[in-house]
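Colleague: Dropping a structure here in structure tokens format, bear with me for questions.
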Amino acid sequence: MSAGGKNYNKDYYGGALMILLGGSAAYAAQSYNIGSLAHMGPGYFPFAVGILLALTGVLIALNAKKTGPGDEAALVGHKHEIPDFRGAACIILGTIAFYFCGEYLGLLPATFAIVFICALGDRSNSVMACFVLAMSMMIVAVVIFWWALQVQMPLVRWGM
Amino acid sequence: MGQALQDLWYGFGIAFQGHNLMWSFFGVLVGNLIGVLPGMGALSAISILLPLTYTMHPVPAILMLAGIFYGSQYGGAIGAILLNLPSHPPHAVTCLDGYPMTKKGKGGTALGITMICSFFAASVGIIVMIFASPLLTTIAFKFGPAELFSIMLLGLLAGSTMSRGSPLKGVAMTLFGLLCGIVGTDVNSGTFRFAFDIPDLSDGLEMVAVAMGLFGIADFLLNVNKMKAITSNTKMRIRDMRPSMAELKEAFWPMVRGTAVGTLFGAMPGTGPTITTFIAYALEQKVAKDPSRFGTGMIAGVAAPEASAHSKTQVDFIPTMSLGIPGDAVMALLLGALLIQGIQPGPQLITEHPDIFWGLIASFWIGNVILMILNVPLIGVWVKMLAVPYKYLFPSAMFFIAVGVFTTQNSLFHIWEVLAFGIIGAVLMVLDFSVAPIMLGFVLGPMMEENFRRALLLSRGDMMVFMQRPISATFVCISLFLLAAVTWSAWRKRSGVSKVAQAIAQETSDAGVVVAK
């Protein structure tokens with residue numbers, strides 16, 4: 001990332017996101033009975049926090065204009081770019097696969113699924129390497145989690 | 001004084017009995033091993049091994065559980081420093097500077113500093129526990145809802161201005177964390193809030209899932225295919241974990257200050273260890289000559305929070321044991337273990353079961369020594385973990401996260417939570433937000449709302465209640481002062497020092513390139 005121009009955009013997006021989050025939280029909180037200061041309902045605190053968050057969002061967006069290029073980047077130090085698509089997609093898919101395999105097939109298939117799919121996300125990994133890694137993690141799963149820690153998930157099951 | 005020493009001597013006698021010592025050692029070892037696994041904190045370690053104690057004699061049982069507790073706490077610091085995976089939320093702060101240190105190849109030093117700090121802080125905590133219990137208990141009784149709310153307000157403000165980047169964004173993240181903390185059933189009215197009609201959310205979001213998502217998965221999402229190994233410096237030996245004299249000097253005052261913060265907060269029931277570490281870190285940042293260097297691998301940023309966490313932990317046993325009020329979930333579990341053994345914690349515990357109370361205190365000391373001895377050889381093993389190429393490390397870590405999150409409640413639903421927070425964390429980090437304050441807001445949110453409502457109920461809606469009570473007013477004033485200082489420095493920064501800022505930007509991006517290589 002080079003130009004400060006991008007930081008402007010980032011703060012606009014960031015501010016907008018906060019306004020959206022705070023606004024919708026406050027909106028949702030209105031349906032929970034707000035009550036009065038002396039007798040607060042369940043909606044009072046979320047409503048107040050939501051409004052504050054939206055206000056902060058406005059301030060962030062306003063500040064984006066005033067901050068000179070480079071200033072913000074200097075303070076944040078470690079900057080993050082848009083994630084690598086293949087890697088991120090594989091990590092997300094692997095986690096989802098863990099859920100479904102864990103629910104319907106048991107610990108071993110779930111272990112294999114998450115490790116194998118996540119490993120495929122790294123462009124330098126071969127399919128064979130992913131397979132070996134997933135296999136060795138299955139051994140870890142059996143020894144540490146199933147045998148030693150007695151995790152409450154059967155190794156293999158079928159259906160519910 | 002003399003009486004206390006005599007009692008302590010008696011306690012050492014108990015703790016040194018063969019089988020007690022053995023169980024204590026076993027607890028520390030197992031706790032340490034489990035604590036290192038991402039996602040498995042003290043809470044999961046104790047809950048897994050709790051059934052084992054049902055058949056045991058109460059003294060070894062409680063000694064073992066306490067051993068697991070601080071063993072896993074130390075293990076959690078290892079995960080936070082070396083892998084940026086806080087398995088126990090208080091370590092989220094340690095990640096901020098510990099992980100950059102690892103990236104610089106100084107992971108061994110960071111672990112060494114942590115070890116020294118935790119030992120020092122635990123020792124101070126133990127001494128305080130022995131001599132100051134009665135005093136601390138009287139102070140703790142003075143804390144009403146107004147005081148608790150004000151101290152949390154201060155903690156939140158200190159925590160959010162501590163985050164790097166603009167304080168505004170830190171405040172925004174804290175508020176977002178507060179909203180996350182609201183999810184679930186409202187304790188007063190039973191209303192479902194922000195639960196999207198999902199019954200699994202009625203108990204609120206799982207703390208471990210939020211932490212692992214924000215710090216673990218989010219980090220993997222951003223770094224995949226961009227990082228080869230966490231550190232290129234693979235030639236780390238035991239010698240490297242011994243910090244140099246200069247580094248020790250750098251760590252000394254932060255360590256003392258962190259210990260003081262932890263001791264102070266330990267006595268107040270309801271203030272968990274997370275807020276303690278955040279305040280210790282924020283304090284270091286305020287004291288430091290050059291606050292902007294925090295987050296790039298400052299020793300003080302590791303020493304202070306770790307010291308505060310460990311002294312807080314020790315002192316936390318005072319309200320747990322003498323009042324029967326647990327400071328956090330782990331203490332509640334230990335309390336439960338005592339109750340299972342048929343022992344009622346409370347003021348009479350010390351007189352009725354001196355073997356447990358003093359044996360426990362003595363075993364803390366012994367346990368911390370065991371922890372030190374154990375970790376000197378083990379540290380080489382932990383550090384080796386870093387030499388594992390990233391392409392093997394992150395899929396394995398994903399598996400540990402998934403299983404760890406599952407075991408917290410034996411519910412696969414938490415997998416969705418950890419994934420959601422991973423994605424949220426990644427999006428926020430791309431937008432230059434720092435995610436650590438979310439954790440603080442999330443942990444404090446429910447307590448803060450509770451005390452806010454209670455305080456205003458008692459005062460019949462009069463906001464002045466926070467200013468009328470002296471302790472509360474002090475905290476509110478410090479908060480206001482903090483707010484003013486931050487606003488002023490931000491305003492000043494905007495109107496003149498951008499050259500300096502650019503120089504820093506240049507430096508950090510250079511450093512970033514070096515690390516990436």
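Each residue, glycine too, has its Cβ placed from N, Cα and C.
Copying in the features that TrEMBL gives for the protein in this structure:
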- B:21-440: domain 'DUF112' (DOMAIN)
- B:21-50: transmembrane segment (TRANSMEM)
- B:62-83: transmembrane segment (TRANSMEM)
- B:110-133: transmembrane segment (TRANSMEM)
- B:139-158: transmembrane segment (TRANSMEM)
- B:170-187: transmembrane segment (TRANSMEM)
- B:207-225: transmembrane segment (TRANSMEM)
- B:323-344: transmembrane segment (TRANSMEM)
- B:356-380: transmembrane segment (TRANSMEM)
- B:392-412: transmembrane segment (TRANSMEM)
- B:418-444: transmembrane segment (TRANSMEM)
- B:470-491: transmembrane segment (TRANSMEM)
Colleague: Taking contact to mean three or more C-beta pairs under 8 angstroms, with sequence separation of 6 or more, is the transmembrane segment (B:392-412) in contact with the transmembrane segment (B:170-187)?
Modeller: no
Colleague: For the transmembrane segment (B:170-187) and the transmembrane segment (B:110-133), does the number of C-beta pairs under 8 Å, pairs 6 or more apart in sequence, reach 3 or more?
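Modeller: No, the stretches stay apart by this measure.
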Colleague: Does the transmembrane segment (B:356-380) reach the transmembrane segment (B:62-83) with at least 3 CB pairs under 8 A, where each pair is 6 or more residues apart?
Modeller: yes
Colleague: Any idea what the model's mean pLDDT is for the domain 'DUF112' (B:21-440)?
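Modeller: Taking every residue of the domain 'DUF112' (B:21-440) together, the mean pLDDT is 77.
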Colleague: Are there residues at least six beyond either end of the transmembrane segment (B:418-444) with Cβ under 8 Å to its Cβ atoms? List them, or say none.
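Modeller: That would be 89, 92-93, 95-96, 152, 155-156, 159-160, 162-165, 169-181, 205, 207, 209-222, 272, 274-275, 278, 401-402, 405.
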Colleague: With Cβ distances under 8 Å as the criterion, find the stretch in B:110-133, B:207-225, B:470-491 that has the most pairs with the transmembrane segment (B:139-158).
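Modeller: Against the transmembrane segment (B:139-158), the leading stretch is B:470-491.
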Colleague: State the residues, same chain only, that lie 6 or more residues beyond the ends of the transmembrane segment (B:470-491) and have a CB under 8 A from a CB inside it; answer 'none' if no residue qualifies.
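Modeller: Cβ under 8 Å, 6 or more out: 142-143, 146-147, 149-151, 153-154, 157-158, 161, 166-168.
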Colleague: Residue list, the transmembrane segment (B:110-133) vs rest of chain: Cβ under 8 Å, 6 or more residues beyond ends.
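Modeller: Result: 1, 4, 8, 70, 73-74, 77-78, 81-82, 94, 98, 101-102, 241-243, 247-248, 251, 255, 258-259, 262-263, 266, 299, 302-303, 306-315, 317-318, 322, 361, 364-365, 368-369, 371-372, 375, 379, 382-383.
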